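Novice: Could you have a look at this structure, given as structure tokens, before my questions?
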Ligand SMILES: Nc1nc2c(ncn2[C@@H]2O[C@H](COP(=O)(O)OP(=O)(O)OP(=O)(O)O)[C@@H](O)[C@H]2O)c(=O)[nH]1
Ligand SMILES: [Zn+2]
């Protein structure tokens with residue numbers, strides 16, 4: 001079965017880059033120790049010092065889903081050594097947490113990205129647009145997956161919005177309660193295909209993965225304490241192998257991609273600066289040259305890092321820009337709608353005159 005996980009082409013690629021090496025796929029990372037799937041099973045490995053030296057950023061390190069070249073295929077004689085990351089066919093990135101410009105790879109070599117959103121209060125078209133941008137940037141195929149169809153509110157309006165945002169892309173409606181739509185997802189996940197689900201917490205991703213796992217959900221899962229709800233896994237394996245031979249990458253990073261989709265998200269991430277600026281003498285302080293500026297004061301006494309302030313201003317600008325671009329679109333649409341409505345009212349009046 002692992003032969004489907006490690007395609008021959010990857011073995012050839014590893015061998016040609018590092019003669020005598022083996023190919024494996026990263027299933028999980030924890031504190032620089034990687035769980036790697038090889039054609040012999042699963043083993044632990046770490047990157048070689050040489051690889052560390054040649055890495056110029058975090059992006060160059062292995063991520064879940066990466067194919068890597070290894071010095072061995074099992075860890076009976078000790079942890080494996082990862083010599084290099086093989087070419088990525090796609091790559092889901094985000095800015096790493098904190099005041100860094102480092103890019104973090106959340107998942108690599110994803111063939112099908114499900115942009116997942118529930119049809120209840122979780123629904124947010126701007127977030128979906130953000131996901132679509134992430135998918136475009138990643139290089140993987142994508143489909144919009146709308147969950148909780150059974151409790152959908154304002155379905156017609158939501159679908160209209162999604163259709164516009166997805167511009168012709170595939171849209172799947174799903175309910176984990178009725179089971180509708182699960183087969184459509186399953187069909188996209190044949191042997192050798194790797195999928196990932198982007199979406200916030202609680203929208204039904206685990207439930208979908210459990211359905212895809214079928215009987216194996218019981219074998220690998222367990223009951224979560226407290227609510228007695230089945231989980232697809234109790235450990236933190238982040239590359240899940242389905243009975244079909246398809247694979248699902250499920251990393252915590254997939255839930256946090258929406259962090260920067262509005263100004264409140266940015267403000268939340270920089271609450272220290274926000275609380276400093278509430279102490280500035282002027283309510284509309286730009287934190288540049290104004291007297292009584294608490295932010296400038298914090299920069300001067302070193303309690304606030306200038307880089308952090310710069311990064312806050314940059315992200316806020318980006319979020320504002322996005323918000324205003326969206327507002328413009330809404331305004332244009334509203335105007336067009338009003339025009340249509342006006343026309344309709346005129347026609348109705350005309351009709352009345354005819355009667
Ligand atoms: N009505 C309804 N409830 C659902 C559906 N899918 C999931 N739920 C419920 O929503 C809650 C969250 O479901 P999960 O599958 O754990 O959601 P998740 O996206 O994996 O959440 P995280 O693991 O926190 O990321 C559970 O109580 C589910 O029973 C659905 O299609 N319809
Ligand atoms: Zn200020």
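Cβ coordinates are placed from backbone N, Cα and C, and glycine is handled just like the others.
Features from TrEMBL:
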- 99-257: domain 'CP-type G' (DOMAIN)
- 108-255: domain 'EngC GTPase' (DOMAIN)
- 147, 148, 149, 150, 199, 200, 201, 202, 203, 204, 205, 206, 207: GTP binding site (BINDING)
- 280, 285, 287, 293: Zn(2+) binding site (BINDING)
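Give me the lay of the land around each of these features.
Specialist: Residue counts for the domain 'EngC GTPase' (108-255) by DSSP state, with H, G and I taken as helix and E and B as strand, are 54 helix, 33 strand, 61 coil.
Under 8 Å, Cβ to Cβ, and six or more positions away along its own chain, residue 199 (GTP binding site) finds 114, 115, 116, 117, 131, 145, 205, 254, 255.
A sphere of 10 angstroms centred on the C-beta of residue 287 (Zn(2+) binding site) encloses 21 other C-beta atoms.
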Novice: Can you grab the distance from residue 287 (Zn(2+) binding site) over to residue 147 (GTP binding site)? Cα atoms, rounded to a whole Å.
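Specialist: That comes out at 44 Å between the alpha carbons.
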Novice: Provide, as an integer number of angstrom, the distance between the C-alpha atoms of residue 207 (GTP binding site) and residue 285 (Zn(2+) binding site).
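Specialist: Cα-Cα, rounded: 48 Å.
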Novice: Measure from the CA atom of residue 201 (GTP binding site) to the CA atom of residue 280 (Zn(2+) binding site) and give the result in Å, rounded to a whole number.
Specialist: 36
Novice: If you check the binding-site residues 149, 280, 285, 287 one by one, which have a CB less than 6 Å away from any atom of ligand 2?
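Specialist: 280, 285, 287, in sequence order.
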Novice: Under 6 Å from ligand 1 by C-beta, which of these binding-site residues make it: 147, 201, 203, 205, 207, 285? Sequence order, please.
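Specialist: Near ligand 1, sequence order: 147, 201, 203, 205, 207.
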